[in-house]
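Here the structure comes first, spelled out in structure tokens, and everything after it is commentary.
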């Protein structure tokens, strides 16, 4: 059940089939489009395949955060959120209708000029095509806005279906001698034609409904659980931290639990990338588990997603030092501009100056200063807030933008 | 202000939170000299209580049920006009920018996380009552980001709403690094009062600025 399903994106050129297929298989989109066009030239095989996939693949879902809705639930749940209809950049039904009209005009002109056009065949075909195009358009509208003014849309859709039926009947009235069999075949043909036009819509409507119901149940369940955890467990953990001594085990455990729970509750989309700020938070969590310290990580700016490991190593060492020798509250501040990454680790411990450190202490000299120097950055040690504690400042210039990846 | 009333000097507060455990815990922990006038658990209860009791400070949870679903921000919007002397201090289990900026832009004077101790909350409530702003390190980080300070934008005129002055940026950077106001003042060789003025000015910009990042951010979350 875990195999990813092929879905069509919400923003598409025609039906989103090529984009969905490219996404699913990992092939480049232009290649998929070209192959589709080539296959279409081969007796319409590409077109048939396209239509089949269009009818059978669902549209991609966009996920919204249901938790906030539940936490601040209105007293009267009247405000409903309308989900946006998929946006298409090529007007397919309009193109179909236009082609039908152009073909009609062309056939008319050609017959006037004396060319022998099988009008008895062409005119019904155009009527059927136009009717099908109109019907599909109405069904699409009907599907995207189910509730509002659906009766008017339904009438229009039925009108388009009548057009289809009329077109099919036209094939037969031009025949020579109407007998029981032609009437019978005409009736069957009309039923069959209308069924073909309606089938994809019905098929998708039922699948939409089933999917929507399942999704709603899933989302409601998850939101209920999340809201319950948020209301009970998170509040209790906050209360424990409020009551307990910040350096105590109870406070530390509560903090670690809170972080884990919060990660689960507010988990972003699974594909979201891990940037420098996330890495720092992860490191801080690891250090916090070992030492009696609280590490607050604050990030400003678009943090780069790839930085040299040495920067992370130096940051980790600075956090470890602060947690080990100072404890209490340690603040980490990361500021990432397009040209440089600046990271400060501030503690309120006994303080430490570079001159006091024996040269054989690897910790600060090698792991922080040396590491930063080797990747072309700098590291400075200075007294912390108000002259107490220590502040380690790491600065890494991003010269060529090689380390900075814009998302 | 009758001098015969022994509690006239007390700071009056109202606690708004939908968790009774948290309300009673906070109530027990608040410092002496802070008098709790009442508690409320929903948006509608909170508005009625604030208007009826006219407290100096409302300790307001960001996520609240009831009303039109606007949570703490809705309480501020709907009761501020009828309680002109009341200031709002927002409380939440997280200090994520989503939660913070919504209530700040609705008019809250500051923000503190629920894991803060009773003494910290009392201190923040006093500062808010005095007309100062309360900033968390994370909020300072968000402000630096949203006003383009990270990419080097600096206000040229002092009345400019869409960018921070050089001094305001320095103050915000130190707050983001976890400095207390007193430590900020010592590091920049200015008075604590001056630090408070800068922070209040930043808060005003955060509330009133029509800077693209803030308005786009607010629009996306249907705040405008």
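Glycine too: its Cβ is placed from the backbone N, Cα and C atoms.
TrEMBL labels come from automatic prediction, so no person has curated them.
Given the structure is predicted, the values throughout are model-derived calculations rather than measurements.
If you look up TrEMBL, you'll see B:12-129 marked as domain 'Response regulatory'.
Cβ neighbours within 10 Å of residue B:61 (4-aspartylphosphate), excluding its own Cβ and spanning all shown chains: 28. Taken from TrEMBL, the feature 4-aspartylphosphate applies to B:61.
What TrEMBL lists as domain 'HTH luxR-type' is B:157-222.
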To what whole number does the mean pLDDT across the domain 'Response regulatory' (B:12-129) round?
88
Which secondary structure state does DSSP assign to residue B:61 (4-aspartylphosphate), in the simple three-class scheme?
strand
For the domain 'HTH luxR-type' (B:157-222), jot down how many residues DSSP puts in helix, in strand and in coil.
45 helix, 0 strand, 21 coil
